[in-house]
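In what follows, a structure is listed as structure tokens, so that the remarks can point back to it.
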Amino acid sequence: MPVEEFVAGWISGALGLVLGHPFDTVKVRLQTQTTYRGIVDCMVKTYRHESLLGFFKGMSFPIASIAVVNSVLFGVYSNALLALTATSHQERRAQPPSYTHVFIAGCTGGFLQAYCLAPFDLIKVRLQNQTEPRAKLGSPPPRYRGPVHCAASIFQAEGPRGLFRGAWALTLRDTPTMGIYFVTYEWLCRQSTPDGQNPSSATVLVAGGFAGLTSWVTATPLDVIKSRMQMAGLKQRVYRGLLDCMVSSARQEGLGVFFRGLTINSARAFPVNAVTFLSYEYLLHSWG
Ligand SMILES: C[N+](C)(C)CCCC[C@H](N)C(=O)O
């Protein structure tokens with residue numbers, strides 16, 4: 001099994017992640033809290049109250065976990081294509097796989113990475129939602145002191161299952177949308193590249209950016225539900241399940257609730273995924 005894809009997936013994921021984390025914090029806050037009037041208001045309040053560091057809350061765990069998560073995504077995707085079409089990464093420009101195969105391989109990668117991502121994503125969302133400024137003398141400490149403390153408290157209170165809160169919504173969010181992600185990327189690359197040649201860096205950047213954009217636009221409704229289920233019992237009410245969360249959110253806040261965070265998600269998705277795909281392709285290319 002070729003392992004280069006796993007390593008390239010890891011490095012490219014980490015680069016994209018750091019670039020996108022401040023946007024991600026604003027998105028999570030807008031989706032789960034009702035105190036902000038919009039993106040700018042949320043940014044201003046976060047900066048005033050918590051300084052620049054506020055935007056990087058909850059980043060250490062994703063950085064550690066991206067090694068597993070993005071390498072599973074890209075590694076499984078590439079190896080699934082190998083199984084379906086009997087072509088390696090290097091051979092795929094000369095013999096391009098069908099879009100159905102690309103979609104199935106993307107969904108498989110999305111499904112498997114969702115399970116690895118679930119506990120890390122839960123902890124990220126919980127920490128991002130702690131709006132207290134950095135500990136000052138005399139002020140009450142935040143609920144979680146850091147990622148390890150957060151994981152340990154959830155584990156103690158709810159057992160291992162607690163760490164997978166919202167995992168079902170996350171899997172539903174990622175399985176089809178990762179298929180869309182890779183199909184968009186492949187389609188755009190093929191549109192602007194002569195047959196049999198490798199896409200230029202500019203093409204990879206634009207195709208990667210649009211792949212991120214289309215997959216996040218389609219993923220946003222379930223992203224909102226996922227974040228709310230992960231916060232259930234803390235700042236949100238407790239839901240009986242995914243459907244209950246959908247229905248009660250829509251009843252209370254209207255259908256617009258499913259598009260919360262869409263603008264910021266899209267603004268984040270383009271640069272993050274442009275960089276992710278460019279570095280992925282570059283690494284695989286330079287390793288031959
Ligand atoms: C499938 N879904 C839309 C959820 C994500 C697709 C892009 C994943 C990328 N690592 C990022 O963070 O943007």
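Each residue, glycine too, has its Cβ placed from N, Cα and C.
Since we're looking at a predicted model, the values are computed, not measured.
In TrEMBL this protein carries:
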- 1-83: repeat 'Solcar' (REPEAT)
- 61-84: transmembrane segment (TRANSMEM)
- 97-191: repeat 'Solcar' (REPEAT)
- 199-286: repeat 'Solcar' (REPEAT)
Tell me the residue counts in helix, strand and coil for the repeat 'Solcar' (199-286), as DSSP assigns them.
73 helix, 2 strand, 13 coil
For the repeat 'Solcar' (97-191), what's the model's average pLDDT?
90
